[in-house]
């Protein structure tokens with residue numbers, strides 16, 4: 001499999017996005033209804049409120065999947081390998097628009113064929129430092145012909161891999177990957193999982 005411990009690629013300039021202290025996330029009740037907003041910086045702690053996010057898996061023109069290694073400065077799960085990118089929609093922002101915006105900011109990618117594949121994915125996970133993620137997190141796939149230009153504050157490293165190779169690596173060493181990727185790999189057919197995407201999916205990880 002592609003070496004997932006390779007030397008980090010040089011980061012390139014990326015579009016400016018508001019600092020997390022100014023970024024608002026959408027708060028949700030247990031039924032998934034929007035109940036308000038809060039600064040992103042205030043909702044990721046030891047008692048994280050349920051909020052709306054998204055994950056995206058990006059394929060290139062050869063069918064390879066982009067995996068990224070989270071920057072060491074990230075609050076939660078620094079330095080672990082994960083799916084192509086994640087993010088949070090702004091209040092009233094359509095999710096596909098948020099996916100494209102985040103791809104441009106974090107990786108310098110222009111996306112096409114943005115499609116939901118796990119629209120009801122939900123999880124709660126706690127990292128080694130006690131930081132909790134608690135999200136309803138629709139999962140998307142997309143395609144790109146762009147060359148990644150990773151933002152250094154977001155991405156330490158990246159690699160293009162065959163989906164089957166990633167599936168094998170996640171199952172062999174789940175501790176090396178983000179918990180949401182480990183859970184998604186159990187559900188996504190291209191990673192060897194299986195799920196009816198119309199069914200609400202939930203998982204708790206500590």
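All residue numbers here begin at 1 and follow the chain in the order shown.
Just so it is clear, glycine is given a Cβ too, placed from its N, Cα and C backbone atoms.
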Checklist entry - Among 88, 97, which residue does Swiss-Prot name as a further Mn(2+) binder in the site formed by 44, 51, 133, 135? => result 88
Checklist outcome for this item: Out of 44, 51, the listed binding-site residues, fewest other Cβ atoms within 10 Å surround the Cβ of 44
Checklist outcome for this item: Cβ density check for residue 135 (Mn(2+) binding site), other Cβ within 10 Å (all protein chains) comes to 25
Checklist outcome for this item: Going by C-beta under 8 A and a gap of 6 or more residues, the same-chain neighbours of residue 86 (active site) are 53, 54, 55, 56, 102, 137, 180
